[in-house]
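> Provided herewith is a single structure, encoded as structure tokens, for subsequent inquiry.
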Amino acid sequence: MTKKYILALDQGTTSSRAILFNEAGEIIGIEQKEFQQIFPKPGWVEHDANEIWASVLSVIAGVLLKTNVEAKEIAAIGITNQRETAVVWEKESGRPIYNALVWQSRQTAGICERLRAEGFSEMVTEKTGLLIDPYFSGTKVRWILDHVDGAQERAERGELLFGTIDTWLIWKLSGGKAHVTDYSNASRTLLYNIYEQCWDDELLKMLNVPRAMLPDVRPSSEVYAETVSYHFFGEEIPIAGAAGDQQAALFGQACFEKGMAKNTYGTGCFMLMNTGNQGVKSKHGLLTTIAWGLDGKVEYALEGSIFVAGSAIQWLRDGLRMMKSAKESEGYATKVTSADGVYVVPAFVGLGTPYWDSDVRGAVFGLTRGTSKEHFIRATLESLAYQTKDVLQAMEADSGISLKTLRVDGGAVANNFLMQFQSDLLGVSVERPTVQETTALGAAYLAGLAVGFWTSKEEITNNWNLEQKFSAEMEETDRAKLYEGWQKAVRAAQAFK
């Protein structure tokens, strides 16, 4: 029987998904399962790593059943994951010693404050391209070792293992044979030197994390291990690709050339620009990260994070009850010709790139007696585009590259009004692909390349199909005036603390 499919496991923040792709990069089937979010205290977010594993097994079985595909028809498995989320488990039993600490969780804020006070900020950014922030894995590992009795000593003796979610899943699928991560996930831990490509002694010492816990760092496209047959319907299938979700989306969007960029419009927005084999050190509040390791080379990216995007539309729907479904936002927005001077700054949890202001809160400016629900909804949608322009300006300033085209994916890209406004505001074309599951597709491509299912990046580029292109129609003067209003609104929101 021929190997016809690649299985992508997309392990996200609220659900796990299994997606089958064929050789053309088309979706054959999807299965999804949500799992529990654990909030022990305000600002803390945890997951049960065993429940994540159970959800992954469930969606693998579900997608094979739904599509009538047999396990032996799968050429390889690729994994993409919510990044930074940290798991610590016992090497012998495979039992996690504590819940996984999720990327969103702020429970390590105290550790971060101490590190900043001790003057580590510059060294950390210099080596990792990141900031000292609870977002990244390193302080999460420290927290678990501090809060579980005897964990530090056990870790030093080599009895405990640490991994991001990709590492946990590869370890489980391989029956404990492979304790590995890829370059892209390692680059999000705060423990990895992205320029020398190694776990860094100075960073490990800063957080007192024992080297014995750490996974091997491997290329993003390589056979790491095979599934143990009892976890995979009697088959030993190569586990052959891994990348963090945003890097996988960059790969799935075929952004292989230096200067190509994608923006994912999900709960938040994540914009990544490929900077080639040079890590660009940001002076404008961006993160420098590894995009992937492939063919013996590491490629880098600049990343901008917008905390609130699609969740602002959910707020209109659930919090303000302005509409019944997020889809309706487009209809409301197009009933008016402009937002009539209204600006929504959706800083519900602070502002990300380029401001990194965690104290600012949401604000609305420019309301008059004539402001309608339609204006309000339109202004909220426009805020996603304004925040994206903030990030793009920082990227262009850091990289010296002028973007010509932005490739987009994520739930909110179905909104044609938003995509057109985004193009108008940036003054560049916005391209929406036919296959919008680009994160899973990226993981599938990485795995497929490792086993010869696809042979080159050129083949993948040829698979990329345009569904719709949005071209800028706005006059430069109008664009500048609108954006100036946004900048004024952000400054005013920041002043109100």
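Heads up, the Cβ atoms here are built off N, Cα and C, so glycines get one too.
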> Among Tyr135, Tyr192, Tyr195, Tyr300, which residue does Swiss-Prot annotate as binding sn-glycerol 3-phosphate at the site that also has Thr13, Arg83, Glu84, Asp245?
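Checking Tyr135, Tyr192, Tyr195, Tyr300 against Swiss-Prot: the sn-glycerol 3-phosphate site match is Tyr135.
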> Rank aside, I only need the closest one: which of the recorded positions Thr13, Thr14, His231, Thr267, Gly310 has its C-alpha nearest to that of Asp245 (sn-glycerol 3-phosphate binding site)?
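Out of the listed candidates, the nearest Cα belongs to Thr13.
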> With the ATP site defined by Thr13, Thr14, Ser15, Thr267, Gly310, Gln314, Gly411, which remaining residues of that chain have Cβ atoms positioned within 8 Å of the Cβ centroid?
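So the additional residues around the site are Gly12, Gly266, Ser311.
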> Quick one: Cα separation, His231 (phosphohistidine) versus Thr267 (ATP binding site), in Å?
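Between the alpha carbons of His231 (phosphohistidine) and Thr267 (ATP binding site) there are 32 Å.
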> Cα within 10 Å of Gly411 (ATP binding site) is the criterion; apply it to the binding-site residues Arg17, Arg83, Glu84, Tyr135, Gln246 and give the hits in sequence order.
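Passing the 10 Å Cα cut: none.
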> Do me a favour and check the Cα-Cα span between Gly310 (ATP binding site) and Arg17 (ADP binding site); whole Å is fine.
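Taking the Cα atoms only, Gly310 (ATP binding site) lies 20 Å from Arg17 (ADP binding site).
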> Take the C-alpha atoms of Thr14 (ATP binding site) and Gln246 (glycerol binding site) and report the distance between them in angstrom, rounded.
16
